[in-house]
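> Below is the structure I would like to discuss, written out as structure tokens.
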Amino acid sequence: MKIVVPIMPRNLEEVEAIDVERLAEADIVEWRADYLLKDDILRVAPAIFEKCSGKEVVFTIRTTREGGHLDLDDQEYVNVIKEVATLYQPDYIDFEYYSYKSVFEQMLEFPNLVLSYHNFEETPSNYMEIMSELTSLSPAVVKMAVMAKTEQDVLDVMNYTRGFKSLNTEQIFATIAMGELGKLTRIAGVITGSCWTFASLDETSAPGQMSLSNTRKFLEILEN
């Protein structure tokens, strides 16, 4: 599994304070731009991409529709993403497919999409249908993060991931059952076929997220 570490600066000073040496163990850096005001994203972007030079970067605006911090209408959302993507060519671009379906066609020019679905309330009964639709679009990555309320939720996420990966071997999946119960899904990629996991430096970006150092230790034990 590749470890993705989110960074969530709220201003330029916090960008400049990021210790790049602490990111050394990360395989990919996710810039969570929703911690900034919309009009500050392009101002801060040059410093972010300079800091992350040499690392793969996922550009993410997690909106309030899926548990994030920025409230953007459909066109605002796609416009900011396209501006950053065009100017700075991040390795991956997160797109909240179900929340912004009406503007998805405007993103088809980008082959590096992470089509994501987030549900902080539950593991929905139509999980398989959601995963099937996202997979059918053949993005760079299918990402699904749902809240685990029961042990069965955790097992379901792992089983569904294993099934979809076995049928779509070339597709990259990143599946997470959030919360304390779901921690196992964050390190079980060797079994399930989930290819990415998310870990924190300091502040977590989702419930149940483990530290970068602990995640690396667990993966080394399980994968070697």
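Cβ atoms here come from the backbone N, Cα and C positions, even for glycine.
OK, Swiss-Prot features for this one:
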- His118: active site, proton donor/acceptor (ACT_SITE)
- Lys143: active site, schiff-base intermediate with substrate (ACT_SITE)
- Glu30, Trp31, Arg32, Arg62, Arg186, Ser205, Gln209: 3-dehydroquinate binding site (BINDING)
> For His118 (active site, proton donor/acceptor), which residues of its chain lie six or more apart in sequence with Cβ-Cβ distance below 8 Å?
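In sequence order, Arg62, Glu66, Gly67, Glu96, Met144, Ala145, Val146 meet the Cβ cut-off.
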> What is the interatomic distance between the Cα atoms of the residue listed as 'active site, schiff-base intermediate with substrate' and Gln209 (3-dehydroquinate binding site), given in whole Å?
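Checking the Cα atoms of the residue listed as 'active site, schiff-base intermediate with substrate' and Gln209 (3-dehydroquinate binding site) gives a distance of 15 Å.
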> If you count Cβ atoms within 10 Å of the Cβ of Lys143 (active site, schiff-base intermediate with substrate), leaving out that atom itself, what do you get?
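Lys143 (active site, schiff-base intermediate with substrate) is surrounded by 27 other Cβ atoms within 10 Å.
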> Check Arg186 (3-dehydroquinate binding site) against DSSP and tell me helix, strand or coil, would you?
helix
